[in-house]
């Protein structure tokens, strides 16, 4: 028997370290060739690490959430034969797996101070049913009871009397005061105070999102621009196309039209379809339009890339967007599918609100946000009509994009969406 040591592979793209996201095996497990051992997270995507051998796991090299250098020991596997560790040389020790927890919990005696039993309140005296009063009727009470109520700031009209004819007695005041002094949480458990708390490690995709968002807001000079768009004609066209071709070519959402509008508008604004390397102080303009399409997953927000959007028709664009979104949500998106975008499109769909301020996806210099469609009254030629309206909430890097260019770019998109026939005029 020998030991086969698997080191953290070189993922490529100059990556020096990765985060160990999840183990799929534990010490003692038997593994086969090509079985996934662990998931690691790079700046771009989640990567599976398969086993190159058959054997038994004898040591793990890290814990989920740990950042590991390329070339460090990931896992050690006992194999038939000599393995890849020469006899007489010791493999660098992998970190031992945490000791297994016994299935039978050990009972530990804990000495606690004995609390005195709570006093059981005496049962309240049985009272006659309160007498209903007329709105202007003065409650019956003795002068002593009235003075006591006055001193305590009690309005007698709120006190139920148990005496003859509903007369308010001292016992009634005592009961009223006792009820007022009860803690609110005793009234209903729904309002009970909570003191529990939970600490959740920020690891995996959530850590990458946090790092990228913090980096983007720290480095880029964000400014946002919001434009209102009348999409009534666009929605009519979309519904018509789905009616005519939906069964054979698939249903179209709004996203393919927005992608097409980006492609057409960027022809006149090439200074926005760029990536800015602020360390090298170089702006790279791209002829190809690679659109990052933000997709929400169980782990967090991911941005797969619709490559060469300029070469896709509406249905091709829709199919590729759906495929990329499914790959991102299932964790199967490749590094190539998660990198290289030149501009990003983010949509919250029905939850899009009225206005948003999206954060740039560096090194891009523009991100276009789509808010939800609502029906609003609009004045057209002196008449109030109901139109389908939508806001575009976009952010730009002011280090590279001037305010006028940004405004004109979004207005160009608005013009294309309001006159959708222009989307198809070459």
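Keep in mind that glycine also has a Cβ here, set from the backbone N, Cα and C atoms.
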Choose the correct range: of 93-118, 119-144, 145-170, 171-196, which one does TrEMBL annotate as region 'Disordered'? Give that range. 119-144
Kindly state the mean pLDDT of the domain 'Peripheral subunit-binding (PSBD)' (140-177) in the predicted structure. 86
DSSP residue counts for the domain 'Peripheral subunit-binding (PSBD)' (140-177), split into helix, strand and coil: 24 helix, 2 strand, 12 coil
